[in-house]
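**Student:** Feature table excerpt (Swiss-Prot):
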- 52-55, 176-179, 199-202, Tyr217, 264-265, 353-354: NADP(+) binding site (BINDING)
- Thr141, Gly142, Leu143, Ala144, Thr145, Leu146, Gly147, Met148, Gly284, Pro285, Ala286, Leu287, Leu288: substrate binding site (BINDING)
Amino acid sequence: MTVPTTIRLPSKQTVILEGDDLRLRIDDNAPLPVLRPDEVLVRTMAVAINPCDYKMHERFPSPGAVDGCDFSGVILAIGAGVPSLGVSFQIGDRVCGAVHGSNPIRHDSGSFAEYIASEAEFTLKIPDSMSFEEAAALGGTGLATLGMALFRTLELPGTPEEPAQKPLTVLVHGGSSSVGTMAMQLLRLVGHIPITTCSPRNFALAKEYGAEEIFDYHEPDCGQKIKAYTRNTLRYVLDPFTDAKSIALCCGAMGRAGGRYACLEMYPDYLVEKRTLRVGFVMGPALLGHRLELDYGYERAADPEMRQFGIRWYRSIQWLLSKGQLKPHPLRVLPGRFDAILQGIEMLKSKSVSGEKLVVSIGM
């Protein structure tokens with residue numbers, strides 16, 4: 001491990017972890033993460049809050065596990081094996097990314113902490129024009145999830161470096177969400193045409209992030225309107241919610257020939273019984289290629305091929321960032337460091353956030 005001699009690391013840090021009562025709490029005496037050879041140690045400057053930050057620890061309780069996924073910060077130390085990985089980092093680099101929070105296999109891997117160990121091949125350099133808060137809001141979790149959803153589950157052609165020659169229409173359900181705005185940007189950048197659904201108050205936001213056409217998902221005939229707009233030919237759907245309402249809407253919009261359906265939540269059995277649909281459930285941490293020791297269909301075996309895809313995808317994302325072609329969701333920065341993180345999680349649980357990404361500054 002390379003650590004500059006001018007930096008003295010503390011022995012303890014403040015984190016948010018799962019307590020013995022299975023509730024999230026602040027711990028001011030947690031150890032720093034153990035840095036592995038292929039990782040960089042990051043001093044956290046900002047974190048973003050996602051629904052998975054409460055869903056993971058509620059679904060898969062593991063007392064002692066640090067919560068949180070998306071982060072930005074500054075590199076303080078570099079693992080001994082990083083130079084051989086084909087990535088170039090230096091002490092002091094501004095970076096962002098995502099880690100597997102509430103990980104039952106590795107309790108110290110969450111981002112709601114003052115120090116984070118991040119795999120170098122899945123860490124992104126922040127452009128000079130981007131703040132730490134904006135970088136955290138880019139959503140490393142969302143970027144990982146969308147890479148798998150768009151190119152592995154939907155099997156869309158094209159890459160950021162070589163966009164598709166023949167554009168395809170893709171329905172992004174919930175286009176005013178943070179995953180929706182990023183999905184629409186990425187679809188445009190790889191040569192495709194996003195259409196979306198959201199509340200009318202967020203139509204302008206969805207249009208700003210690339211929507212070709214927008215439909216009000218409150219309308220009972222929304223699916224039929226999408227089907228009419230696409231002339232009964234829609235073949236690609238991204239459904240971040242995968243609940244009864246979203247499935248009914250998206251299936252109602254799908255063309256008569258069927259197609260591919262990417263779910264960001266576990267789907268019900270009846271969805272795969274539709275013979276014209278090829279359905280896939282995507283989990284962001286799976287992009288790392290590690291074994292996911294979870295339950296209820298969320299578990300994954302180690303997948304070296306997926307890891308190689310993920311490394312290539314992150315290089316494409318870094319290329320887009322270097323060209324200034326990705327922008328984060330509109331921010332709402334909460335003051336209060338770790339107390340604010342707990343507040344933000346409750347705000348997401350109560351569904352009181354719309355059209356904004358919750359971000360908390362951690363750096364002093």
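Placement of Cβ uses the backbone N, Cα and C atoms for every residue, glycine included.
Note that this is a predicted model, so its numbers are computed, not measured.
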**Student:** Can you tell me the CA-to-CA distance separating Ala286 (substrate binding site) and Cys52 (NADP(+) binding site), as a whole number of Å?
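**Tutor:** About 14 Å separate the Cα atoms of these two residues.
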**Student:** Looking at substrate and its recorded binding residues Thr141, Gly142, Leu143, Ala144, Thr145, Leu146, Gly147, Met148, Gly284, Pro285, Ala286, Leu287, Leu288, figure out the farthest C-alpha pair and report it in angstrom, whole number.
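**Tutor:** Answer in Å: the longest Cα-Cα distance is 13.
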**Student:** Val353 (NADP(+) binding site) has how many other Cβ neighbours within 10 Å of its own Cβ?
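**Tutor:** Result for Val353 (NADP(+) binding site): 17 other Cβ atoms within 10 Å.
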**Student:** Relative to the mean position of the Cβ atoms of Thr141, Gly142, Leu143, Ala144, Thr145, Leu146, Gly147, Met148, Gly284, Pro285, Ala286, Leu287, Leu288, the recorded substrate site, which additional same-chain residues have Cβ within 8 Å?
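**Tutor:** Here the non-site neighbours turn out to be Ala98, Gly140, Val282, Met283, Gly310.
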**Student:** Counting other Cβ atoms within 10 Å, pick out the least crowded of the binding-site residues Gly147, Pro200, Gly284.
**Tutor:** Pro200
**Student:** Over all shown protein chains, what is the count of other CB atoms within 10 A of the CB belonging to Leu143 (substrate binding site)?
**Tutor:** 26
**Student:** Spatially, and counting Cα to Cα, which of the binding-site residues is closest to Leu288 (substrate binding site)? Options: Cys52, Ser178, Tyr217, Val353.
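**Tutor:** Comparing Cα positions, the candidate nearest Leu288 (substrate binding site) turns out to be Cys52.
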**Student:** Expressed to the nearest Å, what is the distance separating Pro200 (NADP(+) binding site) and Gly284 (substrate binding site) at their Cα atoms?
**Tutor:** 29
